[in-house]
Amino acid sequence: MLMAPPPLLSLSALLLLLAASASNAAAKPVQTQSLLATPLSPERSSARPELARDDDKDLFADTLAAAEDAAAASTVSFSVVHRDDFAVDTTAAELLAHRLERDGKRASGISAAAGAANTTRGGGGSGGVSAPVVSGLAQGSGEYFTKIGVGTPATPALMVLDTGSDVVWLQCAPCRRCYDQSGPVFDPRRSKSYGALDCAAPLCRRLDSGGCDLRRRACIYQVAYGDGSVTAGDFATETLTFAGGARVARVAVGCGHDNEGLFVAAAGLLGLGRGSLSFPAQISRRYGRSFSYCLVDRTSSATPATSRASTVTFGSAALASTVASSFTPMVKNPRMETFYYVQLAGISVGGARVPGVANSDLRLDPSSGRGGVIVDSGTSVTRLARPAYSALRDAFRAAAAGLRLSPGGFSLFDTCYDLSGRKVVKVPTVSMHFAGGAEASLPPENYLIPVDSKGTFCFAFAGTDGGVSIIGNIQQQGFRVVFDGDGQRVAFVPKGC
């Protein structure tokens, strides 16, 4: 018996089936990961970090054997603490408010510096003195600190570490004007290794137009910051010592006799920028121009017993655990040599690329020095060119539609969520894609951060109209960020602390 042929589908039914199929293909599930929704602690801080101790006279008093071992080493590593660790009788919410206020000033200063010509203004003054104003970070306060030894014998000095500045400097006695710092002020008259620089010295000439006390024929420096902080004094060479015995001789340092501003406990600054006077550049003959750092989560609720330490490493070990695919090329800005530029090629939310994060909004214009993306240790919140940020924010809101939005935003954040009463929350993934195929898949605590003790969490990105986009340290947390100066490339190694 012959079977009847199946009835033909009508054209309209066929179109409906095709549309449904296309819709199902397009509606791929949003990739998520789990966020531990721990609010900020309401408790007031009390303890000071190990690096803030004043009883560390023997910290750099290495034995001969230790010094010889350190001299043969091809790497040096030391611990880093965040400035908030020095706070006493302050809540986490208060610290965050202060941090975001500093952050706005720094980001504005970086944008102004990156968009301006990288020139140094020299000027004559009374008494036969001419001084340069060297580009520095936007705010003198700094975010991350380490302790080193300065001079022979070594004087412990708490120093700001910053990728947005080049010059190494510290306060020196006698002080014409000095701010309060942690520990004794370095006195070059008591150091056997201190060496004044003549005005004609090559190191002095690296200060662009140079500065000279004509009466003493002494090289002088001046660094001015965007918040009005300033340091000025003699430019000299000195031996720096690190915990474990590593010593580096003849590092060009500014010996500041006239300093004022918001430096908050630090004796001075260890510049980690790309310029020729930065610390990585000066130690390159011995350690190469590579260094890396790993910054632990500043907003986590980890106890001191379980938390990891932030570290910075110079030399061959800085490149350990990296593979070629994790690197993206550095981009050069001829108008601003200090900053570490990279090419951000795109961002994914929930596993899908955000179409509105356009390369045209993030590309550096070498002729004007505007635009581009920098990796910065001292900026907290990642700022993206306004069109790119708006696209990213809208994509995240759409992917996180199941979370309860908190009205009004918080500080510079315009996208916040009420996660009160919830312990673990599924949130859309966020990944940053770089030129060359490198990718940084962010942990959830790197983009949804607690801002109060009630359970409000905010999307930790912001928009900027300042020209330059900045990848901040909140997004860098937990990665070992590698700056390979020899290879002119940057890597983000996950779980690197």
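For all residues, glycine too, the Cβ spot is worked out from N, Cα and C.
In TrEMBL this protein carries:
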| type | residues | note |
| --- | --- | --- |
| ACT_SITE | Asp162 | active site |
| ACT_SITE | Asp376 | active site |
| DOMAIN | 144-493 | domain 'Peptidase A1' |
| SIGNAL | 1-27 | signal peptide |
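Annotated pair Asp376 (active site) and Asp162 (active site), C-alpha to C-alpha distance, rounded: 8 Å. Its Cβ placed at the centre, Asp162 (active site) has 25 other Cβ atoms within 10 Å. Mean pLDDT for the domain 'Peptidase A1' (144-493) in the predicted structure: 90. When Cβ atoms from all protein chains are considered, those within 10 Å of Asp376 (active site) total 27, not counting its own.
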